[in-house]
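S.K.: Submitted below is the structure of interest, expressed as structure tokens.
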Amino acid sequence: MNEEQRKASSVDVLAERDKKAEKDYSKYFEHVYQPPNLKEAKKRGKQEVRYNRDFQIDEKYRGMGNERTFLIKTYGCQMNAHDTEVIAGILEALGYQATTDINTADVILINTCAIRENAENKVFSEIGNLKHLKKERPDILIGVCGCMSQEESVVNKILKSYQNVDMIFGTHNIHHLPEILEEAYLSKAMVVEVWSKEGDVIENLPKVREGNIKAWVNIMYGCDKFCTYCIVPFTRGKERSRRPEDIIDEVRELAREGYKEITLLGQNVNSYGKDLQDIEYDLGDLLQAISKIAIPRVRFTTSHPWDFTDHMIDVISEGGNIVPHIHLPVQSGNNAVLKIMGRKYTRESYLDLVKRIKDRIPNVALTTDIIVGYPNESEEQFEETLTLYDEVGFEHAYTYLYSQRDGTPAAKMKDNVPLDVKKERLQRLNKKVGHYSQIAMSKYEGQTVTVLCEGSSKKDDQVLAGYTDKNKLVNFKAPKEMIGKLVEVRIDEAKQYSLNGSFVKEVEPEMVIQ
């Protein structure tokens, strides 16, 4: 559904705050919201995507934020962090100024994550903590946005139980924030503006990037994989690729501004370009084009093994500014569990992909994601995950207990692995993760590595910290002037998840950019 169609069919619905908790909200959801539905969602076709390059904030909204401040609390993935940069850009264009003091902020937005129950619980706790602030300062605006806003159960819970919230908007209509804010200021009711269908791809949105060293670059939106445990295809919508020329222009501008590293973002970056109907162009082609731009480091995330092509492997193997680090979520090492998860690959095909990657990129660092305690996972099936970890020798992994998400196919399965069993398995897995991380780190002792210095260490302000091209954290002492620069560091000590070293020298740009 594009912007014109949406305007023609939109229905303005406001939820009255002073109604009783028993109020029936079904009419609201009938008109503007559809709860997650796998059967219906999978029917979504390859509709034409419209690209809006003429976005601009209406003059009548400029100045709305003069002498007002804002604060955004962000939960979740890199995509959410990037959305926060866009939201901040729009707010500053309206005249608002950022603040870090939640007690004085005039607009407080909570950008939410729906991937796990724990993340949602943190958000509800945060909203609850703001109730006293709303009583003390009734003129402030409190908003909830992000992936949780796309869930019916969440919106319903906020409407019924959190009257301190002034506005709710989702992942598809961030560019309508000026109108949402205006309505929130003028209305005595909670403003709910959630789109269940994707809109146009909006280019040239203002952004306030976090720092001037590393930058996120969105290359696509949404996901069509429908893994049975995942809510993302519902909260982020169908896959929509940005045009390559728009992405390349953005990366060139970041290079001109002096950024040292970019990360190409998407729920499944390996699907990039599949929906571009007029050209054959994939992530490998995009990486090739970006490799010619004078920016020292280029990363991409997140990858799905099913879509990882030999073309991509070949491009990464050529080196240059494409880093030799690939995050390749496996989730489980057992075929039966992978099938129930809807991952579309097998243990054998995953290991074959790993072999092809290692053959072409011998110095590659592989990391992964793993879910423990999926419904019906037996001890033997879990042990196959452990043996797969041994076979691959991942340098790091992000590990999680299975978290049931309403609206997903997995939510209909009986969560029949006891919590104590899940925790015990996670502990065993994490022990293995630490073991292989230590092995990977130990290889750096005595070596000199190139580090992108990002700032002071979180533990010691007198120590600087940064990351290698393989995403290894390095702590070292050096002049503060090195922040934002590529430097050489000799590694003196390898810890399990970080490295300590001694500053050698600054790296000249021509030594890095090829």
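Cβ atoms here come from the backbone N, Cα and C positions, even for glycine.
Source: prediction; values computed, not measured.
According to Swiss-Prot, the [4Fe-4S] cluster 1 binding site annotation covers CYS77, CYS113, CYS147. The [4Fe-4S] cluster 2 binding site feature in Swiss-Prot is assigned to CYS223, CYS227, CYS230; the stated evidence is sequence analysis. If you look up Swiss-Prot, you'll see 68-186 marked as domain 'MTTase N-terminal'. Taken from Swiss-Prot, the feature domain 'Radical SAM core' applies to 209-440, supported by sequence analysis. Residues or ranges marked as domain 'TRAM' by Swiss-Prot: 442-505. The region 'Disordered' annotation in Swiss-Prot covers 1-21.
Each of these features: where is it, how hidden is it, and who are its neighbours?
M.R.: A simple way to gauge crowding: the CB of CYS77 ([4Fe-4S] cluster 1 binding site) has 18 other CB atoms within 10 angstroms, across all the protein chains here.
Cβ neighbours of CYS223 ([4Fe-4S] cluster 2 binding site) (same chain, under 8 Å, six or more residues apart in sequence): CYS230, VAL232, PRO233, ARG236, GLU239, GLN267, ASN268, SER271.
Residue counts of the domain 'MTTase N-terminal' (68-186) by helix, strand and coil are 62 helix, 23 strand, 34 coil (DSSP-based).
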S.K.: Taking the mean position of the Cβ atoms of CYS223, CYS227, CYS230 as the [4Fe-4S] cluster 2 site, which residues outside that list, in the same chain, have a Cβ no more than 8 Å away, listed in sequence order?
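M.R.: Going along the sequence, the neighbours appear as LYS225, PHE226, TYR229, ILE231, VAL232, PRO233, GLN267, ASN268, GLY342.
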S.K.: To the nearest whole angstrom, state the Cα distance for the pair CYS77 ([4Fe-4S] cluster 1 binding site) and CYS227 ([4Fe-4S] cluster 2 binding site).
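M.R.: Cα of CYS77 ([4Fe-4S] cluster 1 binding site) to Cα of CYS227 ([4Fe-4S] cluster 2 binding site) measures 17 Å after rounding.
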S.K.: Setting CYS77, CYS113, CYS147 aside, what same-chain residues sit with their Cβ within 8 Å of the center of the Cβ atoms that define the [4Fe-4S] cluster 1 site, listed in sequence order?
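M.R.: Everything else in range on the chain: TYR75, GLY76, MET79, ASN80, THR112, ALA114, ILE115, ALA119, GLY146, VAL232, THR235.
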S.K.: Look at the binding-site residues CYS113, CYS147, CYS227 and tell me which residue has the greatest number of other C-beta atoms within 10 angstroms of its C-beta.
M.R.: CYS147
S.K.: Sort the residues of the domain 'TRAM' (442-505) into helix, strand and coil with DSSP and give the three counts.
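M.R.: Across the domain 'TRAM' (442-505), the residues distribute as 4 helix, 34 strand, 26 coil.
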S.K.: Tell me the Cα distance separating CYS227 ([4Fe-4S] cluster 2 binding site) from CYS147 ([4Fe-4S] cluster 1 binding site), rounded to the nearest angstrom.
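M.R.: Computed Cα spacing between CYS147 ([4Fe-4S] cluster 1 binding site) and CYS227 ([4Fe-4S] cluster 2 binding site) is 17 Å.
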S.K.: Please report how many Å separate the Cα atom of CYS113 ([4Fe-4S] cluster 1 binding site) from that of CYS227 ([4Fe-4S] cluster 2 binding site), as a whole number.
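M.R.: With distance taken Cα to Cα, CYS227 ([4Fe-4S] cluster 2 binding site) is 17 Å from CYS113 ([4Fe-4S] cluster 1 binding site).
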